[in-house]
């Protein structure tokens, strides 16, 4: 029994991909369980949470791991959404959904390369400025090419009928008929899980270590042989591709791609979600997305129940969001996940006897593993804050304070 | 190597375990009867429709309660709510109280989609009543019709709500559509100012496009310039300057109230003084007055007289006619059931479409169903009497709303009639004087429409 445990623990700390896939699988089970037990409306909210989560996940990799700030992710989502809308313009559109999502990702990726080339030369406020221009300009493109892109009213998206095999599979697994809302929620969460597994793997690989090296010290990174430009472009492109997938899911969920859905506010909202959750953490991105999705509706309902007029109740939502933002920045400057992780690390530092460090982390991985799994609950494959074999995990947490 | 093999074996094992777990809670095969039974709103007879109980009817709407479009528009639901409360206080409709749920979409179609999901799936409203905005409502019109939710009296004059009922069988327009407004204005200008050089100032969406189509039917030769602005871009300097350069001495503007104020300010700056002719949508004198003084930071004195001399149209009586029996009813309703603040034209608008919806409920009868109310509206909609100056056009072939309007000149903040009520329809339908007598009618004593 003890041998099995040691072996499992060894596998856990040894195989990053395996670990991520296992968490992803658990996440999938949680998603199915949650989705099947809530109403159609909650499923559509879950789908919104998923597309915001995908975009925030991409952004958190860019900002948290590579130290670049993008104010243009809303525009990149618009590119993904419009690509989807153009491919799914009527019920007879025969392009299968996975291909549509792939096309959205590829188109956004190409735009990401172009913008990323600029990103390679700029950083800090200059990059923020350049991406800001993107956020302002892209909705304008939709207005200018009114004939093709529908102008102010945008393009409607017709989600193709649910394929029979999906209906059958869903019925086989859950015993319920698959509704459209649930189908959309599954699509969005499946995309989220795939994206997060890829992002998590990438950020723990050599590429991710280069990104972090560039973020922490450019000169040192360059001396160590990391090519700054290439590293920055690759981070931006990966992040853009995630935004493209998010845009595709947004189009499918909202059934519309219109310029007023992709204003600068969306980009800023994404950034605030990332800051709320904790820079550089995929779990944080997911928490931020959940706050963005559920907070306004919950607060408005509370306001109405408390007897406020509809207008007052509607005004309450942005107010509460603002207050939450201020509180998080004041009390938990590393974001929600960052602060929790910091607290856990500190406690572990207190309770673990100094002998643990002398014997070497790999020799006694069980203790550290159990704590690290307990910190990232939920369907989150990427946020495993690293076992003691990964020197980056502490670096990530500490640098967060300074970046924000 | 061995370790690697081992690892992947564990991986496969884990995956299999997961798959088994999923399979274990599986439920065999699905009945293959294409079981989409509840689509299309085919709810059977009786009062079994969603949102309807023995003693209540739940309806919903999306409005911009916050954000740039909120001034003015956020008052519409307060008016509608006051009227529904008034009806409820008199015993409701067939003993049912009307529960009116309003959600804020901030004039953002993405939000409209999510709040409509909430209204339809979570609140389970019986019908959508008065959802506002062309781009916003476009985002949900497919969904509402797919779900079979009656989508009454969209607060927008776009043609798409009613010109093809086979595409959107559950959607009804309400206000005079932009195309016939354009036609009526076009004919008036062609007959009364045949020498005017006409410039067009248009919002760059259905609003401007539909209106331009109507105007050009009569004025194609007289139009010397057509300039468009994008809603959201507050710099209209270039457009107004081009109109001035084209020599237009008459500008027909199809825009929202903010752009009435902006165009007036820019024209003032440029010293451009054509005869202005604003659409009904953009000519609320009180709101434009307050926007003018706000945008100019007090340099221009606002107030309701700021649009004096401007031509516009009207299709329901407004607060500038305190002697009109309908306005007297609205005043009474507002005093009894309204929130703080004065009765405004936006509140009157909300009350007017609430009145029409109560008529629809009366017509649908005691056994209220979603399909029933749509059929009832197609059957008797054209004969309904209400605050509107001209009759509705509802039938099996058209779900377009009010069929006409009259042209007025604003003097001291009030409209002075220049024409009788003119009615027409989209396309090349002729414009005629209205003979339905809707203009002179008065509400029933109780203020609640009677069942037909």
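Using N, Cα and C of the backbone, Cβ positions are placed for all residues, glycine too.
Just so it is clear, the model here is predicted, and its values are computed rather than measured.
The transmembrane segment feature in TrEMBL is assigned to A:12-34 (among others).
The transmembrane segment feature in TrEMBL is assigned to A:46-65 (among others).
The transmembrane segment annotation in TrEMBL covers A:71-88 (among others). Long-range Cβ contacts of the transmembrane segment (A:71-88) within its own chain (Cβ-Cβ under 8 Å, at least 6 residues beyond either end) map to 51, 55, 58-59, 95, 100-101, 103-105, 107-108, 111-112, 115, 128, 130-135, 137-139, 142, 149-150, 154-160, 239-240, 243-248, 250-252, 256-257, 259, 261-271.
The annotation transmembrane segment is assigned in TrEMBL to A:100-120 (among others).
Per TrEMBL, transmembrane segment is recorded for A:126-145 (among others). Away from its own ends, the transmembrane segment (A:126-145) comes close to residues 68-76, 78-79, 82, 115, 118-119, 151-152, 154, 257-260, 262-264, 267 of its chain (Cβ-Cβ under 8 Å, at least six residues beyond either end).
Under the heading transmembrane segment, TrEMBL lists A:183-202 (among others). Panel annotation: around the transmembrane segment (A:183-202), residues 16-17, 20-21, 24, 27-28, 31-32, 35, 43-44, 46-47, 50-51, 53-54, 57-58, 61, 97, 101, 159, 162, 166, 170, 208, 238, 242, 245, 248-249, 252-253, 282, 379-384 of the same chain, lying at least six beyond its termini, place a Cβ under 8 Å from a Cβ of the stretch.
Residues annotated as transmembrane segment in TrEMBL: A:233-258 (among others).
The transmembrane segment annotation in TrEMBL covers A:270-299 (among others).
What TrEMBL lists as transmembrane segment is A:319-340 (among others).
Residues annotated as region 'Disordered' in TrEMBL: A:348-404.
Annotation source TrEMBL lists compositional bias 'Low complexity' at A:351-404.
Of the ranges A:46-65, A:100-120, A:319-340, the one with the most Cβ pairs under 8 Å to the transmembrane segment (A:233-258) is A:100-120. Sequence-distant contacts of the transmembrane segment (A:100-120) (same chain, at least 6 residues past either end, Cβ-Cβ under 8 Å): 68, 70, 72, 76, 79-81, 83-84, 87-88, 127, 130-131, 134, 191, 228-230, 232-237, 239-241, 243-245, 247-249, 251.
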